[in-house]
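First comes the structure, then the notes that go with it.
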Amino acid sequence: MGKDGTHARSAPELRVQLGPLSLKNPVLTASGTFGYGQEFSDFLDLARLGAVVVKGISLEPRPGNPPPRVTETPAGMLNAIGLENVGVERFLAEKLPSLRRRNATVIVNILGNSEQEYAALAERLEDAEGIAALEVNISCPNVKEGGIAFGTDPKTAARVTEAVRQKTHRPLIVKLSPNVTDIGLIARAVEAAGADIISCINTVSGMAVDVFSRRPKLANVLGGLSGPAIKPVALRCVYQVVHAVSCPVIGIGGIQTALDALEFLLVGASAVQVGTANLVRPTAAVEVLDGLERFLRHQGLASVQEYIGTLDTTCRLPQAEEACAGDG
Amino acid sequence: MGKDGTHARSAPELRVQLGPLSLKNPVLTASGTFGYGQEFSDFLDLARLGAVVVKGISLEPRPGNPPPRVTETPAGMLNAIGLENVGVERFLAEKLPSLRRRNATVIVNILGNSEQEYAALAERLEDAEGIAALEVNISCPNVKEGGIAFGTDPKTAARVTEAVRQKTHRPLIVKLSPNVTDIGLIARAVEAAGADIISCINTVSGMAVDVFSRRPKLANVLGGLSGPAIKPVALRCVYQVVHAVSCPVIGIGGIQTALDALEFLLVGASAVQVGTANLVRPTAAVEVLDGLERFLRHQGLASVQEYIGTLDTTCRLPQAEEACAGDG
Amino acid sequence: MPKTQEKARLLETRRVAEDTHRIALYAPRITATARPGQFVMVRITSEGTDPLLNRPFSFHRIHKDDGLFEILFRVVGRGTWLLSQRKEGETLEVIGPLGNFFTLPPAHEETVALVAGGIGIAPMEEWGHRLAQWARGDEARRVYLFYGARTASEVVPTRRLERKGVTTFISTDDGTLGRCGTALDLLDQTCRDLSIRPQRLYSCGPLAMQAAVATWARQQNLPAVMSLESVMACGIGACLGCALPAVPPDDSSRIHYVHVCKEGPVFDSRKILWEKMEPMPVRPLSFVCS
Amino acid sequence: MPKTQEKARLLETRRVAEDTHRIALYAPRITATARPGQFVMVRITSEGTDPLLNRPFSFHRIHKDDGLFEILFRVVGRGTWLLSQRKEGETLEVIGPLGNFFTLPPAHEETVALVAGGIGIAPMEEWGHRLAQWARGDEARRVYLFYGARTASEVVPTRRLERKGVTTFISTDDGTLGRCGTALDLLDQTCRDLSIRPQRLYSCGPLAMQAAVATWARQQNLPAVMSLESVMACGIGACLGCALPAVPPDDSSRIHYVHVCKEGPVFDSRKILWEKMEPMPVRPLSFVCS
Ligand SMILES: Cc1cc2nc3c(=O)[nH]c(=O)nc-3n(C[C@H](O)[C@H](O)[C@H](O)COP(=O)(O)OP(=O)(O)OC[C@H]3O[C@@H](n4cnc5c(N)ncnc54)[C@H](O)[C@@H]3O)c2cc1C
Ligand SMILES: Cc1cc2nc3c(=O)[nH]c(=O)nc-3n(C[C@H](O)[C@H](O)[C@H](O)COP(=O)(O)OP(=O)(O)OC[C@H]3O[C@@H](n4cnc5c(N)ncnc54)[C@H](O)[C@@H]3O)c2cc1C
Ligand SMILES: Cc1cc2nc3c(=O)[nH]c(=O)nc-3n(C[C@H](O)[C@H](O)[C@H](O)COP(=O)(O)O)c2cc1C
Ligand SMILES: Cc1cc2nc3c(=O)[nH]c(=O)nc-3n(C[C@H](O)[C@H](O)[C@H](O)COP(=O)(O)O)c2cc1C
Ligand code: FES
Ligand code: FES
């Protein structure tokens, strides 16, 4: 008998298969919270991670937003980095080789302001070696349509997905925004347009102000909320997306510990991304991974696959008819 | 000179005028978090509050959802009470008189599953004495349209508003849900349909699960997230609504302290509602009120009105063009 | 009995059994009107907004003259773990007294039994005291305690109750102390063996035990008075979060709920729909606390 | 210099001036490679997820032989307030050493001045030490400290630096100690009065002061090396949150940012676009802490 009262077994199988994408384990790092990986190499072995999703890359380098760019909120943070990044050329020349030297599995997060930009990025990345998948951030404003984010409309979301799909043979992940009325609708649209995998959620739109200076706490006024505060929202979105599509889903939002990650797997995510937690504890992702393995042993499970999607939602009592779900 | 370095003055004016509704101060309690008021009479003087917004009332009594109905989340809580309430008749016979005896300013929150139900409620309440305003919760599912919440579509939101407007001469507050792509759109629709005031936000749709029992933490699976965690989302919604409409706005979401309340006033809310904080500290609302007065003195302001909407969003630096606002 | 919010001074903290702690709180206003069976809501955090909600705990001992009461709690999650880390001299915000309370048996009853499972012993100490006083008023009166725990190390000492005249029987699930078996086994067997015929049960413990005790009481045609649990947000009847499925007043089949913090926590077991209850999930401490 | 995450033991905590505290942390791995000008990120909460983010603090004193360092901080908000409540014997998670560091003046320079405003004194103590050592290497070398605070009660004692040979001048905004005026007034007047001609400034303090010092240095045609602040999330270059507007490398007019935690916190003042900086809001403590 093991310390936790269960039988010792061989190490549980952590490998997960997400459509065309096979990962050594389901713990990834979220774009924008893990730099280009090298920032963390003092703290952990990048090769241990399911994958490193790099900071969102655009065709041209971007300077990002004016400061202040980040601010703390209860159990969360707001950011308006403004997608500062080195651009695809420097990424390929400097960042990707450094990640490859460290044997990291690399997923490249891409962004643009038109379908053409997304397509051009996918094309430029197609021949580069050492990229396991593309993740398309569709929370960016579509400049042709008055700056409304691609991801808030099923039609534009589908068009971006198609544009990328046509240029890449790589596993294609589309990353959804939670700032929509019906995330299942967007999920179905991008699945139909060729997404192999859906990841969600990106940050929740939010804002903070300083009552003394009477100024916004972010120069950009609006920012994206992340961290533990949004975990319930993320879990709900993943649950809705899992029920809306048949492709695999990657859960993101507020994951700090293995138990948090397990919540996402339980509702049906096939993998997770650790985001803001990396900023607070640079070892967060490997701690999640270690805790996951410990949990599987404790529960006597031979593989993480056995656990994924096993939520039991049957209710012992009749629901009150016509109740306003989740609104008091 | 006062203790805080400012000149002592006469008490700052706290009265606020919200369209047709005049309130002695801008601190209200949020529906569903303050019972029918009497639950708090051991802790505070109900007459001190700007208004008490009572638990949502329906035509018939409702038993509510099966338990568990509440669960804690980081800096927040999820609830799926299922709108348990005593129904309009018992409300008028028992709850309203008790509130009136305590000299509370009463706002009645109403809910239904069809336009007719909302209209009938408004009609039934029209002749009752001691009701300062109606607040319409439009986050309820419209049974005629497959259970989609009224508040998620500008058309249905407008129709409910109109239905109530036709039956009441009272100040009409419509309470918006944050679970939409564009809250400004809904705000404009309900303003055009006759709302005098808009309050926002209701809870954010969320979920929590237990990884050991593999069961949802709420019997209803989905619930509404409230508390400090959602404050940045609420503030953003209020900001968007203030810029979308010309009617007054009441800010709700995660307010625990006077500083939180001031953030909402700063972005342009004319009043606020304290919600979940009442559950944690039953004296929360009066503490917010006292803190608000202290702040106004400290800042040398003669009235709360001088402070409302004075956020300065000018930016010293050029924004990066085409940045993905609030998404990394 | 007005409810009060009070900054209570933590006078003493003591580990009394495995993962089980007793703390004494100086809170004269709350103590003044506290009654056995009632509870308090305790603010856990001192630092921020996480954990956000207060946690409910029964009065374990009430010391009216000293203006203080004690709570006894088991560490089952983050809130109770953080509470166990609090030190003497710190202050805790407490709201109480809340809920209804135990009432003395009607005049014709002479023999009553307390049934406690695990941390369900908490409210039984103060109530056992009062019943012991009640028993002293009439020679024929008898008070028994049937207390079941999982294992010897989790058994909270009951000397104080025994000294007052409460006849105490103990069982553990693994037989490491007292009889081997559950609190219900203990109750059932001891009553048979010693021909004890309680006329009324007062019970507190985990749901499964409470349900079993309720069934047993029904079979014996005995009233069972139960202190029940439910996840709570406010504890003061404001949120309607603490509902439990119950028999409607009109005995119809419509859905009906009672609220543990308002109509409870003390209920007549026959009013509860036991088969519809969702058990509280149990979480291995090694994963939950750090 | 590898960055490390270390559970540091809080060895000593001491209030050294109004709202100003110094704490000693035993963290041998971080201390081993720490250099003056660098900083650490300190985890504030022990209880939950609020406050979520770590807070940056400069090395105030580095005791290589003892495996410990000290930080000096001013209470300005909830995080620093909570930190001031920590007790000796507790542990704090710390990440460091982070950022770049001060470097010794080039060979031809002999006279340098440290300029500190308010809590900007924090990094200057360790750096002052090193410069004092540097000065001991050559008779002609001189190290001055110009230290301005708001009022006498907020002045952190500078005896230790003076003993090492750093000539120290103090001013307060209200004239309650030393010269009446700002750190810049002090620097400017003292240099005139005593004909001191610093060849290089090392400066740390609030934005307004730093901007003024930068302008003064430019007028005097002096290099000014500045330790700058910015709101940080990670401190390790991962989030890109700590940007400050800077002169682009190609001197064009395009938008360019530097990152305080990566390219800083120590910058050449001529590289910063002072007029574009957003000041940190100041919040009255009476409203923020409790
Ligand atoms: C009226 C009443 C009186 C109580 N008296 C006592 C007492 O005297 N001593 C004692 O040790 N415990 C008592 N409890 C239970 C106690 O409140 C919970 O153990 C505590 O809230 C758990 O908090 P946590 O943060 O440690 O656990 P969490 O992390 O919140 O949850 C851990 C586990 O505790 C369960 N839990 C959560 N909230 C409650 C709750 N309100 N009631 C029961 N279980 C819960 C969860 O389902 C989960 O299994 C009482 C509960 C009620 C309703
Ligand atoms: C590299 C670096 C080194 C620093 N070294 C020291 C030091 O040695 N001693 C010291 O007392 N302070 C130092 N600071 C500032 C210190 O980090 C902040 O005072 C602290 O983070 C405020 O935390 P809080 O929770 O108390 O305040 P909050 O409630 O977070 O904010 C209160 C006030 O502090 C400001 N603030 C918030 N974050 C920062 C930040 N990262 N930097 C500056 N101001 C901030 C806010 O704008 C606000 O006005 C340093 C900052 C940086 C970037
Ligand atoms: C337990 C609970 C019950 C609620 N019931 C209602 C309700 O009946 N009607 C309604 O419009 N809003 C209801 N709400 C939403 C609140 O009024 C408020 O909009 C929301 O909680 C956000 O504010 P907060 O973060 O301050 O709690 C309820 C919220 C909670 C937590
Ligand atoms: C500082 C920061 C920068 C981010 N940058 C990006 C980005 O470039 N591309 C992207 O798709 N998401 C970006 N995100 C969103 C995260 O990848 C993630 O979806 C979100 O933060 C929610 O997860 P979390 O709560 O674990 O942080 C960023 C988030 C943060 C906090
Ligand atoms: S806990 Fe809120 S009503 Fe009982
Ligand atoms: S604080 Fe994250 S990059 Fe500097």
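Here the Cβ of each residue, glycine as well, is placed from N, Cα and C on the backbone.
Annotation comment: TrEMBL describes A:C140 as active site, nucleophile. The annotation FMN binding site is assigned in TrEMBL to A:S31, A:K55, A:G56, A:N109, A:N137, A:K175, A:I201, A:G227, A:G253, A:G254, A:G275, A:T276. Residues annotated as substrate binding site in TrEMBL: A:K55, A:N79, A:A80, A:I81, A:G82, A:L83, A:N137, A:N202, A:T203. Taken from TrEMBL, the feature domain 'Dihydroorotate dehydrogenase catalytic' applies to A:14-296.
When the neighbouring Cβ atoms lying within 10 Å are counted for each of the recorded positions (A:A80, A:C140, A:I201), the highest count belongs to A:A80. With respect to their backbone Cα atoms, A:K55 (substrate binding site) and A:I201 (FMN binding site) stand 15 Å from each other. Note: A:G82, A:C140, taken in sequence order from the recorded positions A:G82, A:C140, A:G275, have a C-beta within a distance under 8 Å of a chain B C-beta. When the C-alpha distances from A:G253 (FMN binding site) to the recorded positions A:A80, A:G82, A:C140, A:T203 are tabulated, the minimum falls on A:T203. In this view, A:K55 (substrate binding site) is surrounded by 26 other Cβ atoms within 10 Å of its Cβ, with every protein chain counted.
For A:G275 (FMN binding site), the same-chain residues that are 6 or more apart in sequence and have a Cβ closer than 8 Å to its Cβ are A:T29, A:A30, A:G32, A:T33, A:S226, A:G227, A:I252, A:G253, A:G254, A:I255. Site extent for FMN: the farthest pair of Cα atoms among A:S31, A:K55, A:G56, A:N109, A:N137, A:K175, A:I201, A:G227, A:G253, A:G254, A:G275, A:T276 sits 19 Å apart.
Around the Cβ of A:G56 (FMN binding site), the number of neighbouring Cβ atoms within 10 Å comes to 26. For the pair A:A80 (substrate binding site) and A:C140 (active site, nucleophile), the C-alpha distance works out to 12 angstrom.
Of A:G82, A:C140, A:T203, all annotated as recorded positions, the residue with the shortest Cα distance to A:S31 (FMN binding site) is A:T203. Largest CA to CA distance in the substrate binding set (A:K55, A:N79, A:A80, A:I81, A:G82, A:L83, A:N137, A:N202, A:T203): 16 Å, whole number. Checking the recorded positions A:S31, A:K55, A:A80, A:C140, A:T203, A:G253 for a CB within less than 6 Å of any atom of ligand 4 leaves A:S31, A:K55, A:T203, A:G253, listed in sequence order. For the pair A:T203 (substrate binding site) and A:N137 (FMN binding site), the Cα-Cα distance reads 11 Å. Mapped onto three states, the DSSP output places A:C140 (active site, nucleophile) in coil. Take the CB of A:S31 (FMN binding site) and look out to 10 A: across all protein chains shown you find 27 other CB atoms.
Annotation for A:N137 (FMN binding site): spatial neighbours A:S31, A:G56, A:N109, A:I110, A:L111, A:K175, A:N202, criterion Cβ-Cβ under 8 Å with sequence separation of six or more. Separation of the C-alpha atoms of A:I201 (FMN binding site) and the residue listed as 'active site, nucleophile': 14 Å, rounded to the nearest whole number. Spacing of the residue listed as 'active site, nucleophile' relative to A:G82 (substrate binding site) is 10 Å (Cα to Cα, whole number). Taking the Cβ of A:T203 (substrate binding site) as centre and 10 Å as the limit, one finds 31 other Cβ atoms among all the protein chains shown.
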